Amino acid sequence: MNKDEEFLEEHHYKDDDAIEGEEEQGEEEESDLDDDMYNIDGETNDDDDDDEAEDEESSEDEKQNQKFLYKKKRNLTKSSSNGEFKIIPYSTLKGNTPTKGILKNKSQPPPKKNRIVWDEENLTINDMNKSSTMKIDEPKTPYHYYESEEETDESKKYLENKFLELQNALDKQQEKSEWDSDNDEQQQEKEKEKDKKKKKKNLKIHMRSDSDDNDDNEDEDEDETEEKKENKKKFDNLRKAHYNEFKVVRDLNANLSDDEQ
């Protein structure tokens with residue numbers, strides 16, 4: 001450091017000490033004036049004395065605190081001027097730091113990013129309404145298998161006959177082993193005969209069911225009343241008369257020719 005700088009610092013600190021002394025003298029004079037104001041005509045009270053003693057103690061504590069802070073500031077300025085590193089106490093740093101309102105609060109949640117958000121309540125409701133197997137409340141549509149008399153590749157009779165042919169061919173290809181006996185052959189023949197009889201019975205039952213359906217239709221026709229039959233005949237005659245346009249035109253031409261003659 002230069003001599004000029006050292007001189008300025010010493011002079012600055014001397015001025016600060018002089019200012020402190022003057023402030024202390026001014027405070028003492030003010031306290032004396034207060035005492036004179038309260039002690040008029042030589043009257044004094046013990047309570048006032050106690051209050052004054054407490055005020056003096058508090059004022060002395062405040063003065064000591066102010067001096068302590070002032071010395072700390074002066075030491076800090078000295079360390080900064082000398083360029084030396086000095087540890088700063090935590091209390092001074094805490095006093096100089098700003099309030100927490102400027103800083104981020106840890107209690108606040110982090111900002112939300114633009115992501116897909118599923119409506120979980122709606123999903124749970126849909127899962128509750130759904131069932132493992134969807135039930136159909138509508139009535140079943142009647143399905144009648146159409147059996148054509150012609151034996152095509154898709155007809156039922158053709159497929160049954162084809163299946164029987166293949167089964168017979170497989171039975172013939174099976175070779176007889178040494179362990180097979182005559183009794184086994186007889187049992188196989190009996191089983192084949194039983195199968196044939198069952199198939200014949202099924203065919204007869206099927207034919208009977210078809211004939212029964214036709215009989216039912218005939219019975220329904222017979223149950224119709226005579227009034228319905230008469231109404232039907234009238235309707236048929238009116239429909240024929242309405243759609244037989246050729247006859248109507250011919251009759252009109254005949255009438256015109258008669259009028260001209």
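For all residues, glycine too, the Cβ spot is worked out from N, Cα and C.
Small disclaimer: the values here were computed from a predicted structure and weren't measured.
According to Swiss-Prot, the protein has these features:
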| type | residues | note |
| --- | --- | --- |
| COMPBIAS | 1-16 | compositional bias 'Basic and acidic residues' |
| REGION | 1-150 | region 'Required for binding to pppB' |
| REGION | 1-261 | region 'Disordered' |
| COMPBIAS | 17-60 | compositional bias 'Acidic residues' |
| COMPBIAS | 123-134 | compositional bias 'Polar residues' |
| COILED | 150-242 | coiled coil |
| COMPBIAS | 154-163 | compositional bias 'Basic and acidic residues' |
| COMPBIAS | 195-206 | compositional bias 'Basic residues' |
| COMPBIAS | 212-225 | compositional bias 'Acidic residues' |
| COMPBIAS | 226-250 | compositional bias 'Basic and acidic residues' |
Revision key, fill the gap. Over the coiled coil (150-242) the mean pLDDT stands at 69
Check your understanding: In the compositional bias 'Basic and acidic residues' (226-250), how many residues does DSSP call helix, how many strand, and how many coil?
Key -> 24 helix, 0 strand, 1 coil
